[in-house]
Every structure is written in C-alpha cells, then in structure tokens.
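Novice: Copied straight from TrEMBL:
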type	residues	note
BINDING	ASP144, HIS184, ASP192, LYS389, HIS394, THR436, ASN475, ALA476, ARG508	substrate binding site
ACT_SITE	GLU276	active site, proton donor
ACT_SITE	GLU474	active site, proton acceptor
Amino acid sequence: MMALNLAHQTGAAAAAVTVAPTAPRSAVVAAASTVAAPSVSAGAAPAPALQMQMMTVDAAPAQPPDAVKPDLAMACQALVESAPDEAEHADVAAELWSKAGVPVFVMMPLDTVRKDGNSLNRRKAVEASLAALKSAGVEGIMVDVWWGIAEADGPGQYNFNGYMELMEMARKTGLKVQAVMSFHQCGGNVGDSVTIPLPRWVVEEMDKDQDLAYTDRSGRRNYEYVSLGCDALPVLKGRTPIQCYADFMRAFRDRFATFMGNTIVEIQVGMGPAGELRYPSYPESNGTWSFPGIGEFQCYDRYMLSSLKAAAEAVGKPEWGNAGPGDSGGYKDWPEDTGFFRREGGWSTEYGQFFMSWYSQMLLEHGERILSAATGVYTGSPGVKISVKVAGIHWHYGTRSHAAELTAGYYNTRQHDGYAPIARMLARHGAVLNFTCVEMRDHEQPQDAQCRPEALVQQVAAAAREAGVGLAGENALPRYDETAHDQVVATAADRAAEDRMVAFTYLRMGPDLFQPDNWRRFAAFVKRMSQPGAREACREQVEREAEGVAHATQPLVHEAAVALTN
C-alpha cells in the first residue's frame with residue numbers, strides 16, 4: 001500500500017482561520033453542481049447534492065497454508081494464549097475500535113501477491129512472518145488489493161486467488177486484515193519498490209484518450225490514476241471509473257463474504273495516487289519532483305478544464321476558466337520562487353480563492369462519489385469499517401500559502417482550514433480518516449523548508465475530533481528506532497480515550513523489521529500501543545517483556561528474515 005515518505009507527509013501549525021465566504025467561492029459550488037452526478041452500480045447511494053457541500057467549501061480456494069513448525073507454533077501460542085477466540089465475536093471490528101489501547105497493524109510488502117494474481121510471492125516467508133507478528137501482539141496486517149492484478153485480464157474478470165490464500169493464512173494465524181482497494185498504479189512514489197500498473201485494458205483506453213490521465217501545465221500525462229475529471233463518464237469500456245471501482249469492491253465483498261467482519265475488519269478505499277485522496281502533484285518518477293518541491297496543479301486534461309470553464313463562467317469571470325494559475329512555478333520550486341505562492345501572492349486574491357475552491361471541491365466531490373459507492377457495497381457487512389487515506393504533506397506548512405498542500409488539492413492556508421471539509425465528508429459516510437507522518441518530529445525535518453509534521457497532525461486530529469470521525473495513523477518512513485516509536489506512542493496512544501487513534505498501521509513488513517534489535521524494539525512498541533496499562537508500566541519492564549518475546553520467537557523471526565531476503 002502506499003507508503004508515503006518524507007515527501008508525502010504533512011505538518012502544519014498555522015492557525016486555521018476561516019474566511020467569510022466570497023461571491024466567487026459560493027458561485028463555484030453552484031457551478032460545480034451543474035456537473036452530472038456519476039451513475040454508479042446498483043446498491044451505491046448517489047453522492048449528496050453539491051449544495052450540501054457549500055459549508056464544506058466555505059467553512060473552516062487456494063491450498064490451505066502449511067502448518068508452522070510445531071515447536072515454534074507452540075512457543076508463539078504461549079505468548080498469545082489470552083487472545084480472544086474470534087469465533088466468539090461476530091462483530092470483531094466493533095470490539096477492535098473500542099479497545100482501550102491502540103491496535104497495531106503491519107503493512108505487507110507491496111508485491112505480496114504475484115502479478116498473475118494466482119498465488120503469493122515468498123509463501124513460506126509470509127507464513128513465518130505472520131506467525132511472528134502474532135507472537136508480538138500485532139492485531140493484524142494491511143494488504144493492497146491491486147486493481148492492476150485482480151482485474152488485469154479484462155473488465156469484470158476478477159482473480160482474487162492469491163488474496164484468498166493470504167486471507168486464509170491470516171485467519172489461521174489469528175490476525176485481522178485491513179484490505180486496501182488500490183485503484184492506483186504502484187510505482188512512481190516514495191517507497192514504491194515494485195511496479196504494478198493499472199489494468200492493461202484501462203491503460204489501453206488512456207492511451208487512446210490521454211485526457212483520461214491527470215495532466216500538468218506542460219502537458220505531461222500521469223498514469224498513476226484515472227483523472228477524477230471523468231468520474232461520471234463511461235470512458236472505460238462502457239463503464240464510468242466510479243462504476244469500475246464499485247464493481248470491483250462488490251466482487252471483493254462477494255468473494256470474501258465469510259471473512260467480512262471477523263478476519264477482514266477494514267476496507268480502505270483508494271481515491272488517488274498512492275491510494276490517497278489527492279492529486280498526483282509530486283510524482284517522483286523520472287525525477288519530475290524532488291523533496292521539498294511545491295509540486296504542480298493537475299487540472300489540464302480536457303475534462304478538468306471543461307469543469308473549470310463552467311465554474312468561471314458561473315461567477316462572471318470567463319477569463320479565469322482557460323487554465324490554472326500561470327505563475328505557480330514548477331515541481332521543484334519553493335513558494336517564494338513563484339508569484340502565486342509567495343507570501344502575498346495570487347493564492348490570497350479573489351482569483352486565487354476562486355481557483356483553489358474549485359480545485360479542492362473537485363477532489364471532495366470525487367471522495368463523495370467513491371464513498372457513496374463503497375458504503376453502498378459494504379453496508380451489509382457488519383463489523384467492517386471503511387477508511388480513507390489523506391496525505392501528510394508537511395513541507396512548506398509553516399508558510400502562509402502552504403503551497404505543497406494546495407497543489408495536492410488541500411485548500412489549507414493561513415486563512416483557510418483544508419482538512420475540516422474532508423473530515424466532515426468522511427463523517428457523512430461513517431468513514432475513518434487515516435493519516436500519515438505520525439512518527440515525525442518537527443526538528444528532524446529541514447527547517448528551511450518550513451516542515452511542521454507535528455503541527456499538521458494536530459490540525460488533522462482536531463478536524464477529525466470536531467467532525468466526530470475516527471482517526472487512524474501510519475508512519476511515513478520506515479523507522480525502527482525508539483525515538484520514532486516514542487513519538488507514535490505519544491501521538492496515538494498516550495492520550496485521553498476520546499483523543500486516541502482508533503488504529504495504527506506500521507510501515508512495513510520486511511527483512512529489516514526482523515533484524516534482532518529492530519524486532520525487540522518493535523515488540524516493545526506494540527505492547528506499549530495495544531495493551532491497556534502497558535504504557536504506564538516502567539520502561540524497563542516493557543523492555544524485559546519484549547526481550548522475552550524476541551527470544552522466544554528468534555528462530556521464527558530468523559526464518560522470516562531469511563525468506564524475505566531471498
């Protein structure tokens with residue numbers, strides 16, 4: 001799944017002062033409401049009328065796995081014998097989210113399932129790894145269910161065989177699963193170690209009509225994700241992109257019906273590049289962008305430009321509808337290099353407010369459409385939470401314009417709260433807000449780039465709390481040190497019950513995690529996060545218990561590390 005990195009985390013402590021709605025910003029919503037709503041498959045509720053969002057814009061059977069070696073399995077079981085029997089709990093998710101501690105999940109490798117979709121890569125390594133994770137008290141795993149793998153052969157031809165093998169293995173081990181509906185390409189972002197393109201038949205359609213791809217001012221096309229500008233158009237072999245996503249989710253639900261609510265406890269719905277609700281404004285492929293560049297607006301495919309033109313005409317400013325800001329700079333620029341993002345730049349003008357309201361509203365509408373489809377599909381699956389991932393773009397957060405957030409579609413400036421509308425949108429669908437960069441500290445980041453990850457997490461947490469949605473977290477970069485662990489515990493778990501995160505997903509399972517020192521520290525981290533009272537225990541006691549887990553699982557962990565390396 002998307003493992004965002006330095007480049008993909010956010011931090012910001014600027015005061016979120018909501019400005020009074022202006023005529024252009026109100027009118028842009030009215031204009032956007034003229035766009036036809038997408039036709040989703042049966043069962044998916046229609047997206048709410050955009051008039052509802054006025055406040056949003058203006059307000060602040062595979063083969064069963066072989067048994068683990070008996071002696072190791074017994075040793076692991078002794079460590080977790082107090083774990084409840086999942087058969088006793090029909091609604092595991094409800095119990096999970098209400099636990100006093102913060103359950104820890106671990107991301108699986110991006111290439112867990114083979115590209116042909118039929119089986120697992122490194123099956124023995126996965127088996128040993130899951131047993132080791134369970135022994136350390138981990139709640140479950142997160143895995144990307146790649147659109148480019150599971151529907152690769154043709155529209156409506158789904159192959160979930162490899163994922164079934166993993167689900168059966170997780171169930172047998174006693175681990176829960178967060179399944180990510182990954183409708184994006186793997187490759188081109190921080191942490192992408194493999195390449196998994198969109199389904200071949202989707203790429204063929206994008207090749208025929210390149211305006212289906214996100215496009216920047218220079219005309220560069222991005223094939224990471226189908227442009228949201230064509231959400232409602234039947235451009236993918238007669239189906240709209242939203243219909244494709246809904247059909248995929250429905251096929252997954254039906255195939256894994258017996259796992260829903262007991263093994264599969266969360267569906268994270270992909271909404272853009274890296275699986276996040278954002279535009280692909282900072283692609284790393286081919287050196288297009290590098291940290292801490294501000295990125296570029298992605299609104300130059302003809303579908304997006306058509307919407308922009310209609311919005312501009314609706315506010316009586318047709319000249320605003322021809323293109324995005326002409327002085328917004330390039331991918332690697334800094335705010336003060338540009339006319340639009342500098343301290344008193346175009347972002348704060350009437351035009352800037354119009355453009356950013358339209359650009360961010362298009363992203364919110366996209367989220368509404370997909371969440372409507374997802375809730376329509378999974379409403380009949382008790383015990384399954386739906387979540388959405390929001391990018392942590394912490395660089396240039398300390399500036400007035402928050403340029404890197406703006407190009408990604410988050411209208412978050414010194415005067416405008418960009419995360420409250422997203423949180424309220426998720427609240428309307430009962431979804432969890434999953435946020436990254438929870439492990440980061442401000443002083444660890446480049447100060448000249450005005451990085452403020454801690455302040456950003458605080459802002460997003462406040463938005464989630466105000467909207468009444470659960471907040472889950474991830475670390476943005478692979479970290480195995482106690483400093484990062486301490487930051488996560490302090491941010492996610494060492495808080496009053498109402499402010500604790502509902503879950504934390506650790507990036508990522510691999511040979512480094514299973515190195516002896518890293519594994520010992522990880523076992524201590526899991527205990528501090530997930531077991532009530534462990535956080536109050538003395539550090540030495542937690543370390544001693546972690547040493548016990550590390551010692552008991554050493555053969556199994558060594559096996560996993562070796563198998564994952566080969």
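Just so it is clear, glycine is given a Cβ too, placed from its N, Cα and C backbone atoms.
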Novice: Starting from each candidate's C-beta and looking 10 angstroms out, tell me which of the binding-site residues HIS394, ARG508 has the most other C-beta atoms.
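Specialist: It comes out as HIS394.
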Novice: Measuring Cα to Cα, how many angstrom lie between HIS394 (substrate binding site) and GLU276 (active site, proton donor)?
Specialist: 15
Novice: Between the Cα atoms of GLU474 (active site, proton acceptor) and ARG508 (substrate binding site), find the distance and write it as a whole number of Å.
Specialist: 10
Novice: Would you mind checking how many other C-beta atoms are within 10 angstroms of the C-beta on the residue listed as 'active site, proton donor'?
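Specialist: I get 27 for this one.
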Novice: Enumerate same-chain residues with a sequence separation of six or more from ASN475 (substrate binding site) and a Cβ-Cβ distance below 8 A; give 'none' if the list is empty.
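Specialist: Listed in sequence order, they are THR436, CYS437, VAL438, GLU439, ALA484, VAL488, TYR506, LEU507.
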Novice: For GLU474 (active site, proton acceptor), list the number of other Cβ atoms lying within 10 Å of its Cβ atom.
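Specialist: For GLU474 (active site, proton acceptor), the count of other Cβ atoms within 10 Å is 27.
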Novice: By a simple count, how many Cβ atoms lie within 10 Å of the Cβ of ASP144 (substrate binding site), its own Cβ left out?
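Specialist: That number is 27.
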Novice: Do you know offhand how many angstrom separate ARG508 (substrate binding site) and the residue listed as 'active site, proton donor' by C-alpha?
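Specialist: Distance between the two Cα atoms comes out at 17 Å.
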Novice: What whole-number Å value do you get for the CA-CA distance of the residue listed as 'active site, proton donor' and ASP144 (substrate binding site)?
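Specialist: Between the Cα atoms of the residue listed as 'active site, proton donor' and ASP144 (substrate binding site), the distance comes to 13 Å.
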